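What Swiss-Prot lists as active site is His54, and the listing cites sequence analysis. The annotation active site, proton acceptor is assigned in Swiss-Prot to His100 on the grounds of sequence analysis. Among the features that Swiss-Prot reports, ATP binding site is placed at Tyr57, Lys96, Asp495, Gly532, with the record citing sequence analysis. Annotated Mg(2+) 1 binding site per Swiss-Prot: Glu98, Asn533, in sequence order. Look at Swiss-Prot and you will find Ser99, His100, Asn101, His102, Arg121, Gln245, Glu317, Thr318, Gln319, Ser535 tagged as substrate binding site, backed by sequence analysis. Annotation comment: Swiss-Prot describes Asp122, Asp273 as Mg(2+) 2 binding site, evidence class sequence analysis.
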Amino acid sequence: MSKFIEPSNEEIKLEKLYQDMGLSDKEYDKVVEILGREPNFTEVGIFSVMWSEHCSYKHSKPFLKQFPTTGEHVLMGPGEGAGVVDIGDNQAVVFKVESHNHPSAIEPYQGAATGVGGIIRDIVSIGARPINLLNSLRFGELTVKQNQRLLKGVVSGIGGYGNCIGIPTTAGEIEFDERYDGNPLVNAMCVGIIDHDMVQKGTAKGVGNSVIYVGLKTGRDGIHGATFASEELTEESESKRPSVQIGDPFVGKKLMEATLEAITFDELVGIQDMGAAGLTSSSSEMAAKGGSGLHLRLDQVPTREPGISPYEMMLSETQERMLLVVEKGTEQKFLDLFNKHELDSAVIGEVTDTDRFVLTYDDEVYADIPVQPLADEAPVYILEGEEKEYNTSKNDYSNIDVHDTFIKLLQHPTIASKHHLYEQYDQQVGANTIIKPGLQASVVRVEGTQKAIASTIDGEARYVFNQPYEGGKMVVAEAYRNLIAVGATPLAMTDCLNYGSPEKKEIYQQLIDSTKGMSEACKVLQTPVVSGNVSLYNETRGTSIFPTPVVGMVGLIEDVSYLKEFKPKAGDKIYLVGETRDDFGGSQLEKLLYGSVNHEFESIDLSDEVSKGKLIKQAIRNGIASHVQTVGKGGLLVTLAKISAHYDLGMQAQLDVTNAQLFSETQGRYIVVVKEGQTLDIDQAQEIGHLTHQQLFDISNSDVKIKENVSDIKQKWEGAIVQCLTTQD
């Protein structure tokens with residue numbers, strides 16, 4: 001008789017308890033078909049997390065298959081803990097982005113902290129040493145107190161974990177819109193460096209080889225976290241705080257160092273982080289990839305308290321844990337290593353030739369499941385989409401109050417400086433950060449070399465909402481431009497697809513069209529997708545977030561020497577590269593003046609992005625440019641103001657655009673600051689002004705003149721978020 005009191009197989013079926021775990025009737029029937037019998041409580045739990053949206057991608061898998069995943073530099077693409085891309089000299093960059101949206105909505109500090117911890121372990125499980133962190137965040141408007149609380153908690157959680165573990169946070173983006181009220185997005189990205197011959201895989205093979213557990217003892221925190229992440233947020237979500245894991249960065253640091261030492265042992269067969277779905281996903285996925293069976297003895301699993309059942313052990317998402325497969329007879333070598341690092345560890349099972357996933361506790365069988373169907377036969381749903389109807393009436397932008405609009409945009413939290421938030425992150429730990437958070441992509445030196453890795457993370461949610469296909473192209477191109485702007489060669493990307501419920505036709509269509517656009521951009525820009533994540537059901541009280549695909553992209557700088565002089569000075573000339581058109585659909589201007597976004601915009605020219613990017617990168621590397629900035633949210637006038645305020649330099653410029661076009665967000669444009677005495681020889685480049693010692697921001701077109709003290713602009717731009725966070729309801 002079992003020592004654990006659980007519902008019987010019959011009770012599970014009759015009372016449909018499997019529905020509470022996230023399985024539909026059809027999915028339960030498929031489990032019965034696979035097993036040839038009714039599943040027990042532990043088996044239902046295992047199938048429910050492995051077949052959850054978060055783990056199986058059952059609504060998004062068809063779209064992921066269209067992404068290009070191979071390329072000249074790709075060493076390892078999707079399917080492992082992170083992507084691996086060659087950077088020369090037998091070295092590679094390892095990177096991935098993951099979401100932790102639902103947990104952060106319920107418990108913002110721990111939700112964000114464990115998101116950072118989890119993505120770090122993904123990189124470490126490949127065998128790479130992390131060199132920097134990035135994040136992409138979305139919140140509701142800061143006029144709402146709850147959104148202020150969420151922002152403060154998330155930023156504190158990111159800083160609290162990253163700072164303690166000793167990895168700099170070097171770049172990111174934060175946007176605010178009421179569509180994220182109660183449903184923030186927290187996407188964390190990590191980048192690491194590895195030698196080619198040290199790359200590890202999450203595989204279990206070699207009959208008789210041992211399975212080793214290492215890290216924090218298993219508790220009851222995070223049970224059904226993967227299922228929770230696959231549901232819409234409701235009034236009842238607050239009761240699911242136990243589904244939010246608790247992070248311990250100090251143990252995380254020990255685990256990271258121990259893992260990086262363990263990968264040097266020839267006897268290591270495979271390794272995987274215990275992330276979403278905990279011990280269930282790590283062990284079953286390793287068995288599936290190795291074409292093997294596994295027998296886990298759960299009475300050997302280190303636990304935080306007595307009485308934890310097999311069901312709870314398998315579904316717990318206790319943080320800071322790794323699972324290893326090592327050669328038989330070498331177990332003590334690994335256990336001694338982990339003991340040296342003051343980590344709990346134990347041999348909990350072995351690889352078998354049965355092709356079955358068997359769990360026992362005190363020799364009693366609690367699960368006996370065929371490996372391949374569990375890992376590979378989750379149902380895939382192809383649904384019907386429905387095109388969104390656009391507002392065909394034209395918005396009127398002919399009578400804009402330029403000065404008032406300029407100040408309002410500059411102070412909107414989406415555009416305003418994030419300095420107050422970034423200063424809570426350690427940006428320099430490790431002493432290899434060359435370009436810190438601010439205006440550009442980050443640049444981190446590869447230690448011991450002249451090389452550096454540039455990285456950026458970007459999203460364009462309003463544009464994807466307006467025109468999903470074009471918006472999908474746009475978000476990839478934006479990341480590409482941000483790497484070009486620091487002189488890097490874009491190599492590859494990772495993505496995080498954040499959407500509402502795919503069961504709603506309009507949202508499913510957004511998923512179809514935006515991923516198609518992203519795929520096309522990846523092919524033209526030659527930035528294959530090597531890793532990623534999908535987060536669906538981002539809805540609160542029936543209201544969906546904007547469709548928010550986020551792109552993390554890395555680029556290579558072979559020699560960082562030019563960056564020593566990559567800083568603008570008074571006397572430098574300012575060029576605008578690219579044409580400015582009447583592009584207002586999806587823009588900050590449309591949102592500011594009309595309260596919503598629902599107008600189409602012009603398509604993006606990807607071939608032009610490539611040719612223009614090559615010329616600008618060449619100008620940077622040849623020492624002609626002292627700063628390059630992509631023209632982004634808020635348009636040309638706002639972009640110029642941000643450069644002036646960031647560098648405390650005066651600026652004088654004459655712009656050949658209309659009043660409304662000062663705020664147009666036409667894609668594919670750059671501001672290139674050229675060193676005094678140099679010229680920019682690019683067809684689409686137009687000299688528009690210069691930087692000055694005078695602390696005046698003096699910009700005009702044929703109709704209006706904006707003349708402000710740089711200090712006033714800086715105060716408005718840098719002080720806006722602080723003011724929002726100190727404003728009481």
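Glycine is no exception: its Cβ is also placed from the backbone N, Cα and C atoms.
Thinking about packing and proximity, how do these listed features fit into the structure?
Its own atom aside, the Cβ of His54 (active site) has 27 Cβ atoms within 10 angstroms in the protein chains shown.
In the three-state DSSP classification, His100 (active site, proton acceptor) falls within coil. His100 (active site, proton acceptor) is surrounded by 31 other CB atoms, counting those within 10 A of its CB over all protein chains shown.
Every protein chain shown contributes to the tally, and the Cβ of Asp495 (ATP binding site) ends up with 29 other Cβ atoms within 10 Å.
The Cβ of Glu98 (Mg(2+) 1 binding site) has 23 neighbouring Cβ atoms from other residues within 10 Å, across all protein chains displayed.
Look at Glu317 (substrate binding site): DSSP puts it in coil.
For Asp122 (Mg(2+) 2 binding site), the same-chain residues that are 6 or more apart in sequence and have a Cβ closer than 8 Å to its Cβ are Gly81, Ala82, Lys96, Glu98, Cys190, Asp273, Gly275. DSSP gives Asp122 (Mg(2+) 2 binding site) a helix state.
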Give me the largest Cα to Cα distance among Tyr57, Lys96, Asp495, Gly532, the residues the record lists as binding ATP, in Å as a whole number.
17
CB neighbours of Lys96 (ATP binding site) within 10 A?
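For Lys96 (ATP binding site), the 10 Å Cβ neighbour count is 26.
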Measure from the Cα of Ser99 (substrate binding site) to the Cα of every one of the recorded positions His54, Asp495, Gly532, Asn533, then give the nearest.
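That would be Asn533, nearest by Cα distance.
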For the ATP site given as Tyr57, Lys96, Asp495, Gly532, which other residues of the same chain have their Cβ within 8 Å of the site's Cβ centre?
Leu64, Pro78, Val97, Thr494, Cys496, Leu497, Val529, Ser531, Asn533, Val534
Report the nearest neighbour of His100 (active site, proton acceptor) in space among the recorded positions His54, Tyr57, Arg121, Gln319, comparing Cα positions.
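It is His54, whose Cα lies nearest.
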CA-CA, which of the binding-site residues Asn101, Glu317, Gln319 lies nearest Asp495 (ATP binding site)?
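Smallest Cα separation from Asp495 (ATP binding site) among Asn101, Glu317, Gln319: Asn101.
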If we count other C-beta atoms within 10 Å, could you say which of the binding-site residues Asp273, Glu317 has the fewest?
Asp273
